[in-house]
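What follows is a short report on a single structure.
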Amino acid sequence: MNIFIKGGRVIDPSQNIDETLDLLVVAGRIKELGKGLKAPADAEVIDAAGLLVTPGLIDMHVHLRDPGLEYKEDVITGTMAAAAGGFTSVACMPNTKPVNDNKAITSYIVNKAKAEALVNVFPVGAITQGSKGENLAEMGELKEAGCVAVSDDGRPVVNAELMRRALEYAKGMGVMVIAHSEELALVGEGVMNEGFTATELGLKGIPWAAEDVAVARDVYLAEFTNSPIHIAHISTKGSVRIIRDAKARGVQVTCETAPHYFSLTDDAVRGYETNAKMNPPLREAEDVAAIKTGLADGTIDAIATDHAPHHLDEKDVEFNVALNGIIGLETSLPLSLKLVEEKVLDMKTLVEKMAVRPAQILGLDRGTLKTGAPADVTIIDPKAEWVVEAEKLASKSKNSPFLGRKMTGAAAYTIVDGKVVHKRD
């Protein structure tokens, strides 16, 4: 199917474009971008007046829960949620059941995605066998089978010598290491951010040092091995400072944060709200401010959701025993657009963090509207108003702290390889 997107505000940081243009998609590829183009007779015409046309958004950190945990989410529902949120590609973390630590499981995910997924699915393999932090997984075979990175996400690689070797091997194979940076000894029995709110609620806290100490270690190991590293889901002002300083020294470090870390504080936990329980935990106002500054000054490269679906039975329990994690694919875009409204970022920089940089970090041939590129396109209605309602979410799980909240901004169309996979009602 050929598609002609007419008169939208095209924002493509990969080409430094921000102007009203037409876009022609032919045979699943970007054919032409320009002013006053003529629509071919056989093309579906999309009138994009008043809408934003961007490279397809890429979420480099999601949990699709397949294989083994499909009662929370699966490839179909997870990629439906991605498409509804404007994402044309997702990278899925390996903490499935079994863990994606070998080529058989990677191949299963790749083949299932080819058969069922609405968007591109790029698997992330485990750093260590079973993500147990004892022996390295076969990174070469993981890459060969289709993994775009390795991570033990959900838990840190506690052994620093093992992490050093992981970085060295991954560098040799051209595989990105995504670090879940957390010092478990400092986390202890903590269930939320250590601070005033935790004290008031009588809950055990997780100090900011649990993140900062681990981020510092991982950054120094990357510097020592002269290897690239990507730090997942940073949430503290200290992490921002450590990574900013490391970049200034020339360390090959990139990082991401999630919308909840610039949209909420630990106040959201009041009332023992388990849908506001995640790891790392929601922090304090000064951390939120630091995350926004880090996004604005380029310290933070990407916005990723850490979409972590859980069944109601795993969330509708006492706060101490509720599982960590929230869904985020369908709320990420409006929450991130708020950064533009608040003048933290301009629109081009936001698209860079949600499409261009994730593609670059993971080595994908996406995140651009250049001629010949795969036609992954997100068309955004920045003024669409809607309310987050559980029954209207595509995700199988409904564990969002934003339920009931009014949102502004939504994906009007999501186009993957030249095919419309989502159209807003």
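Note that Cβ sites are derived from N, Cα and C of the backbone, with glycine treated the same way.
Record note: Swiss-Prot gives HIS180, HIS233 as Zn(2+) 2-binding, and the candidate from ASP153, ASP212, ASP218 in that site is ASP153.
There are 23 other CB atoms within 10 A of the CB of ASP153 (Zn(2+) 1 binding site), with all protein chains counted. Rounded to a whole number, the C-alpha distance linking ASN95 (substrate binding site) with ASP153 (Zn(2+) 1 binding site) is 7 angstrom. Around the Cβ of LEU64 (substrate binding site), the same chain contributes GLU73, ASP74, VAL75, GLY78, THR79, VAL90, CYS92, THR96, ILE109, VAL121, each under 8 angstroms and 6 or more positions distant in sequence.
According to DSSP, HIS61 (Zn(2+) 1 binding site) sits within a strand segment.
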